Ligand SMILES: Nc1ccn([C@@H]2O[C@H](COP(=O)(O)OP(=O)(O)OP(=O)(O)O)[C@@H](O)[C@H]2O)c(=O)n1
Ligand SMILES: C[C@](O)(CO)[C@H](O)COP(=O)(O)O
């Protein structure tokens, strides 16, 4: 299998309440930067042949040095990200298209991942790549533990309660056949339409396309708020104790 990975790592980490000059991707978990864990998982995934990362301009040299030092040989380019996550992913898509034109070949699938999800495992990446090749699209998810309600028309009060047994919390990496992902992003750009994940673009512009569910455990967290750091340390200890 030949999958390319896009890692979106160009956010500002607003909800992490960072100090001036700090970057969420470079915070340390288990002695390594968050993004180091993330890249390592894709480096080790057998299905992945190339990795493209979008990050802030000032972090490009740091990530290039990290890749050289750590033997992340699959890293093909570190690109400047965009205003929104979707823009950062699109910048990587453009780089992949350039590579496709030069080489005359296309990857079977493209996997889009958040740099801030460091605990995805190489075998999970391979399984998502396999399922996205089989079905055209595959998204990892897990079951919410809390009951989820809409906010009401008066935003100070609740609206309806959603049926929890039909809900899933979606994560990344989200895998798509290359042409599907490229077309969905091109269409979104044309319409100026933004969503919080890539699968939502596919759902909107290719509603007939099934998106396969890949149920994961609860380790694939997105490091988002300060409370996630001690949780991430605990998950890291648990994962490494089993190695
Ligand atoms: N313009 C952006 C915004 C986000 N991301 C990336 O998308 C992933 C998911 O975003 P999130 O966890 O929300 O990160 P931030 O956008 O940095 O966080 P916040 O919303 O709190 O600012 C992260 O790996 C983030 O770096 C990106 O590449 N480009
Ligand atoms: C893509 C994502 O991680 C799926 O859960 C999520 O939507 C990213 O949202 P964010 O607001 O950019 O963190």
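Even glycines carry a Cβ here, placed using N, Cα and C.
Per TrEMBL, site 'Transition state stabilizer' is recorded for 15, 24. Under the heading site 'Positions MEP for the nucleophilic attack', TrEMBL lists 164, 222.
Positions of TrEMBL features highlighted on the structure.
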{"residue": "15", "record": "site 'Transition state stabilizer'", "contacts (Cβ under 8 Å, 6+ apart)": "224, 225"}
{"residue": "24", "record": "site 'Transition state stabilizer'", "contacts (Cβ under 8 Å, 6+ apart)": "11, 13, 16, 18, 34, 116, 223"}
{"residue": "164", "record": "site 'Positions MEP for the nucleophilic attack'", "contacts (Cβ under 8 Å, 6+ apart)": "143, 144, 147, 148"}
{"residue": "222", "record": "site 'Positions MEP for the nucleophilic attack'", "contacts (Cβ under 8 Å, 6+ apart)": "114, 116, 117, 171, 228"}
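Close to ligand 2, meaning a Cβ under 6 Å from one of its atoms, are these of the recorded sites 15, 24, 164, 222: 222. Proximity of the recorded sites (15, 164, 222) to ligand 1: a Cβ under 6 Å from the molecule is found for 15, 222.
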